[in-house]
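Colleague: Below you will find the structure I want to go over with you.
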Amino acid sequence: MKDSRKDTGLSVLMITYNEISNIARCLNAVDFATEIIVVDSGSTDGTYEYLLNRPGVRVIRKPFRNFTEQKNFALDQARQPWVLFVDADEEVSPELAREIREVIARNDQSVSAYWFYRKFMFKNIPLQFSGWQTDKNIRLFRKDCARYSTNRLVHEKLDIKGKTAALKNQLLHYCYRDFASYKQKMVLYGRLKAQEVLEGKRRPKMALLLLKPIWKFCYNYLFRLGILDGMRGVTICYLDAYGYLVQFRMLRGARARKTSTSTTVRRPLPASQVPYPLPKAS
């Protein structure tokens, strides 16, 4: 019997850290790919061991510094002309999988990459509003036409050479498992955003950064209709805004340290208990 995995020309890429509760669902949905490559940053919950024993998966361990570096490293490992990047808490629906195979088989030379919408799942219940109703990402692209921009450490941007197009079907995003784990993720995002600012050339405007968490909550809850999501909307809008508060606190602390010492050497942000292990200060 002919193995359809050999014919897709698709590399599925993923980065992981402690995703044992999600990893099987994610991998089961992309078993049509020619190859599946996972870059793990030191999982301690059994994720790495599971991947080692999972047929058809190549797992590589690499210490985590930031999302952009980790994803570009994974991209360098791909050996197929097409790449599909997924997160461990995402699931490619059967309809989306079929559409992806059709797009690759059609091989429209005028298109370099495809984006599609994500459906935010709050404890397996779809979230309809709260700023997530228009969430979309470029995830399917030709390997030789894309690279993640090194200007961002989090919410990484994919630089595309050529035209993009849209797919009709959605990617399921099981982002919210519980309050503590989602808050932990927002802490990581806030810390990395602060690191971006510290490594940039522009001086941060602290007054605007202080107001940003308030604005973010009001915008998503009122203008993006989070109020219609009930208590789920309150929770998500609060936590999404919380990441900006973390960013403000880290930058305020960095400024205070800078003014209290004569040195101008920029130190890495201190490590904390976050979804990915941040590099320790040397």
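Glycine is treated like the rest: Cβ placed from N, Cα and C.
Per TrEMBL, the features are:
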{"type": "DOMAIN", "residues": "11-155", "note": "domain 'Glycosyltransferase 2-like'"}
{"type": "REGION", "residues": "259-282", "note": "region 'Disordered'"}
Colleague: So what's the mean pLDDT when you look at the domain 'Glycosyltransferase 2-like' (11-155)?
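Modeller: Across the residues of the domain 'Glycosyltransferase 2-like' (11-155) the model's pLDDT averages 94 on the 0 to 100 scale.
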Colleague: Count the residues of the domain 'Glycosyltransferase 2-like' (11-155) that DSSP assigns to helix (H, G, I), to strand (E, B) and to coil, and report the three numbers in that order.
Modeller: 39 helix, 48 strand, 58 coil
